[in-house]
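What follows is a single structure, written as structure tokens, with notes after it.
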Amino acid sequence: MSCRKRCKREIFKFAQYLYRLVTGTLNTDSVEDELELSTVRHRPEGLEQLEAQTRFSRKELQILYRGFKNECPSGVVNEDTFKDIYAQFFPQGDASTYAHFLFNAFDTDHNGSVSFEDFVMGLSILLRGSIQEKLNWAFNLYDINKDGYITKEEMLDIMKAIYDMMGKCTYPALREETPRQHVEIFFQKMDKNKDGVVTIDEFIDCCQNDENIMRSMHLFENVL
Amino acid sequence: MAAGVATWLPFARAAAVGWLPLAKKTMPKPPIDNSSKSDEILYVNVSGVRFQTWKNTLDRYPETLLGSSEKEFFYNEDTQEFFFDRDPEMFRHILNFYRTGKLHYPRNECIQAFDEELAFYGIVPEIIGDCCMEEYRDRKKENQERLAEDTEANEGVDAPLPPNSTSRERLWRAFENPHTSTMALVFYYVTGFFIAVSVIANVVETVPCRPPLGSVKDLPCGEKYKVPFFCMDTACVLIFTFEYLMRLFAAPSRCNFMRSVMSVIDVVAIMPYYIGLVMPENEDVSGAFVTLRVFRVFRIFKFSRHSAGLRILGYTLKSCASELGFLLFSLTMAIIIFATVMFYAEKGTKGSTFTSIPASFWYTIVTMTTLGYGDMVPNTIAGKIFGSICSLSGVLVIALPVPVIVSNFSRIYHQNQRADKMRAQQKVRMARIRMAKRGTANAFLQYKEDRNIGDPDGCVKNRSAFDQQHNHLLHCLEKTTNHEFTNEMNYSELCMTESVGFKTSRSTSLSSHQGAQNNSSGCCPRRARRRAAMRLANSTVSVSRGSVQELDTLHLKTTCIPPQTRSSLNAQMCDMKLNCGDPDFTAAIISIPTPPANSPDESLPPSPAPMLGILRNTRATAYIQDSVKISSL
């Protein structure tokens, strides 16, 4: 059925082409001569609202927004821009997979773009949140399909993404099974009831009992 | 509502007093005027240039940055003004938009810079006034075309092959770019040669040769030397067939390939031969066969694969197809008109050559193109008058399409030239970008060595805050994965030595590199030299990292610094391995994606630094070595 329609359309186009050939076209404007509509523009909520919703002060929000707006004048970051930005920090490796997972973690409403509110909410949790909130966020990052369980496959994807960022020239040289071994170690530690998945409670419990993790949670707090 | 109308509203409302005596019902209550504030002047500081405007002016367009609450993010309490770190020249135009309601495009500005400013201030480009819209659209289209060309040239055909490509892909690349491998080049020239041979053979075949003994009539060479010509033809066709089949095999999409122009030409060039082989030696059929031989001349079109100029010509004609078509149509109209007129004008005369209207077509064409063979001549006065009008109008009509074709050809030719130049410059650009990238990686390795050699607090003080924090981030990643970054030299060395063993073979491989070069002290002269070079470079040059690489190759003669051998580094790593593992795992995950204002190659501009100084919360605990401040700007 569609074949016939296609044939008709082709014949029609050919006839149009012949007609134009004969009569000449004085206007060379073709159909694709529209300026592409400006991209999505987004304006954030007011300063007062953001101040109330996050744990940043007014000045800090101003600083954050100026930087954000400088990079993304349209007010939203899409995934490609996010990947570009992140790739600048890891020139030796390929940061795009990990940036993809990070993007999904920041994009809380899953609309394909990170607005300033999403950005600032995420930062608020990461920089000023309680340990519980930070661990929650990390769990959310690992749980790719957001079903509340971290499976070995999800962890393997995350692990591979992290190892990708190291690039090729490492010491000792990266092997195929390095990420997998790392995943095994992780699961041995975290998966208490050995059911093959890590739930949020297991994760938080285990991290809270681990002194090193607890200590390192404060590592990036004084960022602004 | 346009801005101007708003100012007339009080007048319209005042004039409504005229309705009051005539009203049938009571008037509704007027709206309460909330804004009792009188209008205030706002100060906008754009990179030092202070603009002042009424608040109402900016409020006219509430969906833009300046008209909405978004500008509060840029308010500076200390100076009581809005500060924007943008181009003040462009801001003039933006502000004029608020004042007059019309956005103008400044002709001397780059279109992309203008677009970016518009995007920043939240203004849609469609609002540009009619006076400047044409110019804007033209320049934007030109820019987009140029960018599209550039990306095409970038991902171009000169890109190196991915390492694991099948033989089919390699074959296709060899066909498309003959200069990638010598075999392809040889094949390219061989086919070119055979095309030329085949075409020349076709031509020479028809030249009359000296007749064989005993005959008077001149014979075309093709008849006289039937066998040699046949052999040559066979050889050429075999080569062409082979080439066509190889291309067909290698093509990524066979359907598309079979429909392409070049493949059609190929087929048309070789089919007559095969048809000739198959067809029997029949008298009535061989007449048609002779016609088929005409198609052999299409082989000359195969040259277009070898010549870019031919392709440009063909592309030009294709792109002017509509103009040419129109010309043909108008010419046909003129021919018919004049032919009819000439026929009826010459109808009466005896022995006239204008026997019918189609016969007059020939006269009209010959006259209009100013050929004038003279085989058909008008005899009557009316015929001569119309004939002269015909030839005069012919000159005009034929001269019209020439400028169109010429300008098209010139444009396409220049585009092609530019593409070639771009490709040549691209290599240089890519090399420079790669060098800059290696610079950042080298900076990190330098930081690592400093840290290992010197105190754990680590940093030579002349490194900017941004660098320190970036290095800390990369360090965290290393700790997460328990692998270290190295540069390519060490990596390739390691790859070589890893299989054999570790310390001993390493020293031997290194000592084998020494050769006739500098001081050979111990196991690591090369690495020490490089380290010394990097250190020297880094202490003097902080901004242009590319020079690190250049100094690297200078082979400075230095004394061998006591080496941080790989073994000692290894030991350190082993110690840390025990308490490494997972904790830094999560720490690295929490690393923040920070959009930098500049590329990481340049250090941060100093202006945010004072702000950062105010806000630094030194909550540094004892076991955190350096107070980590990663700015998110």
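Each position is counted from 1, following the chain as shown.
Placement of Cβ uses the backbone N, Cα and C atoms for every residue, glycine included.
Values in this document were obtained by computation on a predicted structure and should not be read as measured data.
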B:282-304, B:351-373 - the range that TrEMBL marks as transmembrane segment: B:351-373
Composition by DSSP (helix, strand, coil) of residues within the domain 'BTB' (B:40-139): 47 helix, 20 strand, 33 coil
Sequence-remote partners of the transmembrane segment (B:186-207) [C-beta within less than 8 Å, at least six residues beyond its ends]: 174, 178, 220-222, 229, 232-233, 235-236, 239-240, 243, 296-297, 299-300, 302-303, 306
Cβ-Cβ under 8 Å with the transmembrane segment (B:385-406): same-chain residues at least 6 beyond its ends: 316-317, 320, 323-324, 327, 330-331, 334, 338, 341-342, 345, 364, 367-370, 372, 378
Residues from the same chain, set at least six apart from the ends of the transmembrane segment (B:324-345), whose C-beta lies under 8 A from its own: 317, 354, 356-361, 363-365, 367-368, 378, 380, 382-383, 386-387, 389-390, 393-394, 397, 400-401, 405
